[in-house]
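Everything on this sheet refers to the single structure shown next.
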Amino acid sequence: MITAEKKKKNKFLPNFDKQSIYSLRFDEMQNWLVEQGQQKFRAKQIFEWLYQKRVDSIDEMTNLSKDLRQLLKDNFTVTTLTTVVKQESKDGTIKFLFELQDGYTIETVLMRHDYGNSVCVTTQVGCRIGCTFCASTLGGLKRNLEAGEIVSQVLTVQKALDATEERVSQIVIMGIGEPFENYDEMMGFLRIVNDDNSLNIGARHITVSTSGIIPRIYDFADEDIQINFAVSLHAAKDEVRSRLMPINRAYNVEKLIEAIQYYQEKTNRRVTFEYGLFGGVNDQLEHARELAHLIKGLNCHVNLIPVNHVPERNYVKTAKNDIFKFEKELKRLGINATIRREQGSDIDAACGQLRAKERQVETR
């Protein structure tokens, strides 16, 4: 639930008259109902309407009294996202351009795998981290999303899947924005979708990725939640990483590894390192050796990502043969590594390509 204190703390949150009903955890809904003089068990009914029947309005909750429905409408909105554009890739990946209630736009991606359907969600409108290879950061940060707006992305995709009786089985928090810069709303989202009373998506089927906001890595390590954790690394040396990711000037590689060691001591969980390969920048065998030396001894996996084309950026994709050589060298040095399957690059839905492109074109 978004309180006045939360808004004061998070200056990039929207200032809507009513908050999204999807921003409430089940226990928060129970507590709110009791505070309003209502019966606690109504929370179960409300969540069934929201997450199982997936209604679009409070008026559709017909087993609630008219007075309770009015009370809910007076205090909350059922956040609905307007689908501006829906594009499907030749590999089955679907990208949604959603419009929020204040007119801003975000992108969300549905990826189909043999093991199920995965949704890549966005946590911010824009991004201020400034990675020099990424489209998401080109327009800067506009605002943070409420937890309910992140939940709504998953629900809207799930509604699209209902027609074919499919379900969202995995969530990756790797869309537009830096999740750890919207930490409280991200954690609220995680606890909501993981709850048995809502979408009931298992913690080990959810992955959150960060560019390396070190104070929040320590916070995340202290959370009692078994979410998968990934770190965008992209280089083992500060000089190269700072060129790719200016955030490294504030949180350098040495401090980042220390934070990851703390995370593993607290959680005993594996970390995934995301390593984008940029032609002539970080893709040589010497870079593989530097990476192996840096992370040796950590319980980790390296996800090698061929760079995706962004018109405003000058990076080029590493040759396929060099990608295989890089992977082979890591494995020779005892590092668990795989090459990420490319999905959605033909519709600008792949890693580093997400932004509100269509809406920007329309409003010029």
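Placed from the backbone N, Cα and C atoms, the Cβ positions cover glycine too.
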Exercise for review: Quick one: which of S89, S118, S152, S209 does Swiss-Prot put in the S-adenosyl-L-methionine site with G177, E178, S232, L233, H234, N308?
Suggested key: S209
Check your understanding: If you measure H234 (S-adenosyl-L-methionine binding site) to C120 (disulfide bond) at Cα, how many Å is it?
Key -> 20
Check your understanding: Per the record, S-adenosyl-L-methionine is bound by G177, E178, S209, S232, L233, H234, N308: how many Å separate the farthest pair of Cα atoms?
Key -> 19
**Study point:** Sequence-distant neighbours of S232 (S-adenosyl-L-methionine binding site) in its chain (C-beta under 8 A, six or more apart)
**Key:** C131, S209, T210, S211, G212, M245, E274, G276
